[in-house]
Amino acid sequence: MGGYVDQGGGSKFGDGFRSLVRRKRVDSIHSKSSDSGHHQLAKELSVLHLIAIGVGSTIGAGVYILVGTVAREHSGPALAFSFLIAGIAAALSAFCYAELASRCPSAGSAYHYSYICVGEGLAWIIGWALILEYTIGGSTVARGISPNLALLFGGPDSLPYFLARHTIPGLGIVVDPCAALLVFTVTALLCVGIKESTFVQSIVTTANICAMIFVIIAGGYLGFKSGWVGYKLSTGYFPFGIDGMLAGASTVFFSYIGFDSVASTAEEVKNPQRDLPLGIGAALSICCMLYMLVSAVIVGLVPYYAMDPDTPISSAFASHGIQWAAYIITIGAVTALCSTLMGSLLPQPRILMAMARDGLLPSFFSDVNKRTQVPTKSTILTGTVAATLAFAMDVEQLAGMVSVGTLLAFTMVAISVLILRYVPPDEVPLPPSLQAAIDSVSLRYSNIISTEETDVEISKAVTGVSGEKDQLLSKKGEISAESPLIAKVAAQAIFNEKQRRTIAGWTIMLTCVGAFILTYSASNLGIPSYIRLTVCGIGGLLLLFGLGVLTSIDQDDARHNFGHSGGFICPWVPLLPILSILINTYLLLNLGADTWMRVSVWLLIGVFVYVIYGRNHSSLQHAVYVPASHVDEIYQSSAESSPSQ
């Protein structure tokens with residue numbers, strides 16, 4: 001079949017490896033028209049809906065506690081700068097998400113982008129990790145609502161009996177009916193429809209923002225009235241130094257996690273090329289601004305060393321005689337948790353649906369309700385599991401596992417941007433039902449190619465050509481017949497392009513290795529200092545080498561036509577994605593051994609599920625890979641031949 005490759009043949013080892021690296025194509029008019037096995041999600045979301053989802057998923061109740069802990073232990077009065085630096089670091093990932101979301105607007109978020117740019121194996125790992133993130137995240141948030149809700153009723157034990165926490169005798173298990181009831185309520189709301197659930201989330205998020213604005217305005221008034229005593233300290237603005245401020249930034253970075261929920265709704269956005277980047281950018285900007293203003297006000301009201309680590313904002317207002325502010329702040333915390341709960345439960349059914357559409361999970365997860373146009377079955381299953389965990393388990397010790405899925409996704413999205421720019425897929429999979437048309441087009445190109453040595457070289461290079469150079473190849477036969485010199489020039493251009501792609505591919509891999517070596521050696525204080533410095537130097541040199549090479553070579557012409565054009569373009573490539581990879585890798589390696597032990601168990605289960613089910617049921621199991629420039633011709637040939645069949 002010439003240059004066209006069927007992924008189904010070969011040895012067992014070869015099949016196993018190919019299954020890990022096979023990549024699906026970006027959704028197109030051809031794939032959507034031929035895919036009648038599932039209903040599409042409702043396109044109901046505008047940029048305002050996306051901002052509500054992003055802000056609601058990001059701003060949790062943690063900020064009401066985090067300002068006290070980080071100020072006391074790390075940043076001091078420079079807390080606002082810690083939030084700013086963390087916001088900039090999060091923006092690096094947001095830029096990468098914005099480009100991929102606008103180019104590939106389909107359900108699945110980072111799983112979807114990884115499958116297109118990297119391969120099935122890593123995409124499965126990302127999807128499996130995201131399932132864990134959203135399940136544990138939703139359960140953790142739900143368990144945190146009832147204590148805050150009880151404060152509104154007068155005290156820790158003031159909830160009605162049927163909602164209050166109880167300890168099961170003999171087992172020592174603390175059950176939380178309130179948490180389970182809230183999860184089921186949110187699940188029912190998500191099943192009604194994406195527009196309706198987003199409207200409710202907008203109301204809850206607005207209430208939370210109003211509480212934060214109250215803190216900013218009222219706190220600002222108290223600060224001016226009292227003379228900002230928190231900033232008039234002998235220790236200065238940086239009592240823990242610049243290192244303390246940076247340590248605070250790495251801690252508060254996790255308060256920005258949540259904006260990626262916007263990307264998971266890409267298939268339900270009316271104008272994804274415009275609205276997705278705007279929604280992601282606006283949500284992150286609003287969160288950063290609110291975090292900075294709240295932290296700047298609170299550390300000015302009370303000296304950082306005197307802040308209450310458990311209730312820093314309430315105690316700051318109480319120290320100025322405003323006891324009733326605690327109720328407003330508690331309302332803000334409750335609404336923040338409810339909004340974050342919705343943001344945690346919203347993406348997971350869409351991740352499951354995307355994986356099921358690709359055949360990696362049973363088709364049960366891909367069913368979309370005809371009336372509500374949401375994946376109802378996946379949503380109900382997600383809610384049931386999360387409610388069970390929230391009811392019967394204290395998942396606080398598992399909260400660190402939430403960050404692993406997010407940071408792995410952030411890292412993979414940054415790598416995907418580099419791949420998209422320098423080595424975008426030049427072959428795309430087509431279903432075996434098009435085999436006759438594929439053979440026809442393959443034969444047509446084989447007949448054009450002459451037996452001259454130059455032509456043989458071009459024939460071998462046919463699958464490695466992309467963009468404008470691939471279009472040149474389609475006319476090669478006529479050119480070679482009329483002018484061997486032009487054919488030689490064309491062959492040289494194709495050889496140079498293959499060489500550029502090979503260099504770019506290896507450089508991206510070495511850059512990722514360098515980021516891992518540098519961050520691992522910098523984080524591991526148990527290694528002798530001279531070994532640490534040596535290894536750090538090696539990692540740093542690999543990073544600088546990768547940055548230099550990628551900056552000096554051309555990006556691939558095919559990037560202009562990859563996916564849906566006309567959307568957001570990530571700036572400062574390759575510098576920005578490389579910085580994102582470096583930061584996220586550093587944070588991943590500093591999550592702690594206990595967290596990685598738990599996550600490793602979950603990932604091993606995922607590998608087992610993939611080997612037993614996903615690999616053998618993948619929709620790409622028998623796909624035929626063809627040059628991207630031949631796809632339209634193959635579909636046209638299939639359409640022409642179908643009436644006669």
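Quick reminder: no glycine exception, Cβ is built from N, Cα and C everywhere.
Database features (TrEMBL):
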TRANSMEM  47-67  transmembrane segment
TRANSMEM  79-98  transmembrane segment
TRANSMEM  110-131  transmembrane segment
TRANSMEM  168-191  transmembrane segment
TRANSMEM  236-259  transmembrane segment
TRANSMEM  280-304  transmembrane segment
TRANSMEM  324-346  transmembrane segment
TRANSMEM  398-420  transmembrane segment
TRANSMEM  503-523  transmembrane segment
TRANSMEM  529-553  transmembrane segment
TRANSMEM  565-589  transmembrane segment
DOMAIN    568-618  domain 'Cationic amino acid transporter C-terminal'
TRANSMEM  595-613  transmembrane segment
Long-range CB partners for the transmembrane segment (595-613) (under 8 A, at least six residues beyond its ends), listed in sequence order, are 121, 124-125, 128-129, 132, 360-362, 398, 400-401, 403-404
By a Cβ-Cβ criterion of under 8 Å, what residues six or more beyond either terminus of the transmembrane segment (110-131) are in contact with it?
19-26, 97, 100, 104, 260, 263, 347-348, 351-352, 354-355, 358, 360, 404-405, 408-410, 412-413, 415-416, 419-420, 424-425, 563, 599, 602-603, 606, 609-610, 614, 618, 620
Per the Cβ under 8 Å criterion, with at least 6 residues separating them from its ends, the transmembrane segment (236-259) contacts 54, 57-60, 62-63, 66, 69-71, 73-79, 81-83, 85-87, 89-90, 94, 97, 280, 283-284, 287-288, 291, 304, 340, 343, 402-403, 406, 586-587, 590
Given 79-98, 280-304, 398-420, 529-553, the one sharing the most C-beta pairs under 8 Å with the transmembrane segment (47-67) is 280-304
With DSSP as the yardstick, break the domain 'Cationic amino acid transporter C-terminal' (568-618) down into helix, strand and coil residue counts.
40 helix, 0 strand, 11 coil
Counting only CB pairs under 8 A, let me know which of 280-304, 324-346, 398-420 has the most with the transmembrane segment (503-523).
398-420
With the cut-off at Cβ under 8 Å and a gap of six or more residues from its ends, the chain residues touching the transmembrane segment (398-420) are 92-93, 96-97, 99-100, 103, 109-111, 113-114, 116-118, 122, 125-126, 129-134, 136-137, 140, 254, 257, 260, 508, 511-512, 550, 559, 562, 570, 573-574, 577-578, 580-581, 584-585, 587-588, 591-592, 594-596, 598-599, 602
